[in-house]
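Database features (Swiss-Prot):
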type     : residues : note
ACT_SITE : Ser751   : active site, charge relay system
ACT_SITE : Asp828   : active site, charge relay system
ACT_SITE : His861   : active site, charge relay system
COMPBIAS : 26-38    : compositional bias 'Low complexity'
CARBOHYD : Asn128   : N-linked glycosylation site
CARBOHYD : Asn295   : N-linked glycosylation site
CARBOHYD : Asn347   : N-linked glycosylation site
CARBOHYD : Asn617   : N-linked glycosylation site
CARBOHYD : Asn810   : N-linked glycosylation site
CARBOHYD : Asn897   : N-linked glycosylation site
TOPO_DOM : 1-88     : topological domain 'Cytoplasmic'
TOPO_DOM : 110-914  : topological domain 'Vacuolar'
Amino acid sequence: MGAEKRINDEEAQPLTGRDRSRDSIDSTSTASISLALIDQANRSTHAGRTTPPRNFGNGEKYRDNDDDNPEGGLPPPSGAQRTPKKVSIIFWLVAALCVGGWLVAFFVFMGSPKKDSDKEVVVSGAENSTVPGVVSTGGKKVDLDGVLTGFWSPRSHEISWIPGPDGEDGLLLEQDGDENAGYLRVENIRNQKSTNKKDDAVVLMKRETFKVGARRVRPSKVWPSPDLKTVLVMSDRLKNWRHSYTGNYWLFNVETQTGEPLDPGSPDGRIQLASWSPKSDSVVFTRDNNMFIRNLSSKDVKPITTDGGVNLFYGIPDWVYEEEVFSGNSATWWDNDGKFVAFLRTNESRVPEYPVQYFIPTVGRVAHAGEEHYPNTRKIKYPKAGAPNPTVNIQFFDVEKGEVFSIEMEDDLPDHDRLIIEVIWASNGKVLVRETNRESDRLSMVLVDAKDRTAKVIRSQDFSKLDGGWIEPSQSTYFIPADPGNGRPHDGYIETVPFEGFNHLAYFTPLDNPSPVFLTSGNWEVTDAPSAVDLKRGLVYFVAAKEQPTERHVYTVRLDGSDLQPIVNTKAPAYYTISLSTGAGYALLKYEGPEIPWQKVISTPANEERFEETIENNTELAGRAKDYALPSLYYQTITIDGYTLPVVERRPPNFNPDKKYPVLFHLYGGPGSQTVSKRFKVDFQSYVASNLGYIVVTVDGRGTGFIGRKARCVVRDNLGHYEAIDQIETAKAWGKRPYVDATRMAIWGWSYGGFMTLKTLERDAGQTFQYGMAVAPVTDWQFYDSIYTERYMHTPQNNPAGYANTAVSNVTALGQTVRFMVIHGTGDDNVHYQNTLTLLDKLDVDNVGNFDVHVYPDSDHGIYFHNAYKMLHERLSDWLVNAFNGEWVKIRNPVPNKSLMRRARSLLKRMSNA
């Protein structure tokens, strides 16, 4: 699932400001009408003498982070005239009755009994992560332009580590515009400190462009061959889905500095994927959903498959596998010897289509003559929950024999109930295939022998019996080859598996051994691990949330599970990531917060040759942090029903504990996700705190990641239930704080966060949160894709009650909030616009009207099309300001001013005659 550039430094004027002299339906509150009545009475009593009205719109803009007028009182009327005592008493009596009635109703609304009041809630800690040099209380306010245009994004460098042709370690691929040194070159990390970039560099491409016939080719992406003699080049890249694209592909000869088409017979063909043989002698690629192979010794291209098309995919994933399983565009795997290619065959024949309509003419959307003014419709094979899934099988191509074959296995999952989530080549023609059932709670590890053409299940696990949870797809299983002389008599693999309630590293050896050696254990979790393995020294490198769920540090452990050691400082709060060289002797170490991020290239502890070089310290960003008034971050935990959950509170600069601040809750909350972390980040939430002066709180509730499987798995079959309770209980706890205005609380989120916003408002029914903003929300999980949804909900056929509970259906409860807003892009191929339309229909049926909706034509899930991203955030900001300024309270029950005035005058007349 999936998201987050102009408004000026001053807060926008309330959107509901109107000319009070208009004879129309107005949004004026009862209290405002009472004051207006008094002014009218004054004017009528003193015929011919005008009393200026109160200055409701004097051009000054209210800010919650300004302390000039803590009471927020209205200025006195100018030039007020005296009124006869009897009339004044009557008028003031009427005004008092009106105001009193309004206040009574308001406090009854705010003080009504709360749901879930019996919950055990404990808030712990108030650690201020603010450190000198990162957060300043003075300076300029964070503006929206800066947040949305990358002004606050840390500079970051990626290193493409590559193995040397002879096994050299510490080699990296450099690609830049320095044609003096060479556009594309391989450098030894040891020479990075040299002022002469040509030192020991192997130049692969001298210039950025090259000619093939009359055509000039400019690379979009490049992949050097393992022997570094040829470069596979993609040009003219066109995006498909989130991770996939097509392009024209070329082979560039390093020695001659010349290029040729990958397929000389079809140089303009749009290729979907291409990958090198480990021997550098051939390339396999997919075009028009069929696979081909080109041997470099010939210009001939040979087909591997021929029946690919609209419903059959070879070597690439379809939409749902790209989005929910592989998180990438490849379903092709070469074996280590270059003798076999494994690839996914995907059959979508039974998968229903979903039409995504595009209404705005743009470049690239070609219409037939006479159809230019009709929407363009793209039909996607999209399996919704409970609908038929694509059927997937692993097939193999024998490179030497030129034949495709499949391997049957006894006790395999049936086609309709099989997900293939990972493929890992071992040695000697053996391959590991991780499979799960459709509902992702039964795992099978299959060992396939491509040489003998046999297959067997070597390990299985039922997660529904283990802890009621599920298997998340990942691509991090690591093959460990046998090395008898180094204490490894058999092949094996490392996988992240559940152990005593937390995700840990397990080493399985031999390959068919179902009982592993656990390399890590404890009440903490490893993340997408291992990062790398030093096979010579038997060291496993991994990243873990060991010190705190909100932090990441880097560790090593030996293959026997001994000597777990950090390689970074674990005493200070930090969030690290790491990318290791192919031999694990060097690493790109990234420090991502909470202070200003930096990057270093280092030698790893086992490397006897010491090396360290800072390649980015973000000096410019550090200067900006000093010049701007950034919010202060307070990391805490809250315990709800025995579950300890991480919370971060963003306080405005110059925070005044004697003031009452509005609070905005921001959340995502999807299963296994994490929003509360100690990364340095200046985002929309930072803008809200710094510029608008509101407190922003985020709590990672039950179901989120790195707090243990018990807290994570409790949400299964009932998404949105416990997560909503956690948001509400946290908001109640914050509402009791002396510096929080509990009458001004809002919540917002995008995607799963949009769903959670609506579910929280639905459960809360206006008792805690008065406002909400939901962007691209799921409103019924039967509308979302099968693989993601059924992992957490089972199928609708097996869990009908759960799906009914998770749908946003109690719109009457939504009607009890002051106001909420829903935003969606009509071209969303991920969370379909159908979700919002269905919710709007439910609101219409139940006559609920306290909401706003904004639709962005042709925008997908990221909402970028035609300035949409910038406008969306401006809309969120303006809407929130109006909410916390009380504008939406004023328009809850609009009454024509003229009618109300007439009734008031009639009442006054009767009172005068009494």
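Including glycine, each Cβ sits where the backbone N, Cα and C put it.
Note that the coordinates shown come from a computational prediction; the quantities given were computed from them, not determined experimentally.
Location within the structure of each feature annotated in Swiss-Prot.
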residue: Asn295; record: N-linked glycosylation site; DSSP (3 states): strand
residue: Asn347; record: N-linked glycosylation site; DSSP (3 states): strand
residue: Asn617; record: N-linked glycosylation site; DSSP (3 states): coil
residue: Ser751; record: active site, charge relay system; DSSP (3 states): coil
residue: Asn810; record: N-linked glycosylation site; DSSP (3 states): coil
residue: Asp828; record: active site, charge relay system; DSSP (3 states): coil
residue: His861; record: active site, charge relay system; DSSP (3 states): coil
residue: Asn897; record: N-linked glycosylation site; DSSP (3 states): helix
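Closest in space to Asn347 (N-linked glycosylation site), of the active-site residues given as Ser751, Asp828, His861, is Asp828, taking the CA atom of each residue. Cα of Asn295 (N-linked glycosylation site) to Cα of Ser751 (active site, charge relay system): a distance of 45 Å. Counting only same-chain residues at least 6 apart in sequence, those with a Cβ under 8 Å from the Cβ of Asn810 (N-linked glycosylation site) are Glu762.
Distance noted between the C-alpha atoms of Ser751 (active site, charge relay system) and Asn897 (N-linked glycosylation site) is 41 Å. Taking a C-beta cut-off of under 8 Å and a sequence gap of six or more, Asn617 (N-linked glycosylation site) has these contacts in its own chain: Ile596, Trp598.
Distance between Cα atoms for Asn897 (N-linked glycosylation site) and Asp828 (active site, charge relay system): 42 Å, as a whole number. By neighbour count, meaning other C-beta atoms within 10 Å, the densest spot among the recorded positions Asn347, Ser751, Asn897 is Ser751. You'll find the Cα of His861 (active site, charge relay system) roughly 5 Å from the Cα of Asp828 (active site, charge relay system). Model confidence over the topological domain 'Cytoplasmic' (1-88) is summarised by a mean pLDDT of 37. Within 10 Å of the C-beta atom of His861 (active site, charge relay system) sit 21 other C-beta atoms, taking all shown protein chains into account. Ranking the recorded positions Asn295, Asp828 by other CB atoms within 10 A of the CB puts Asn295 at the bottom.
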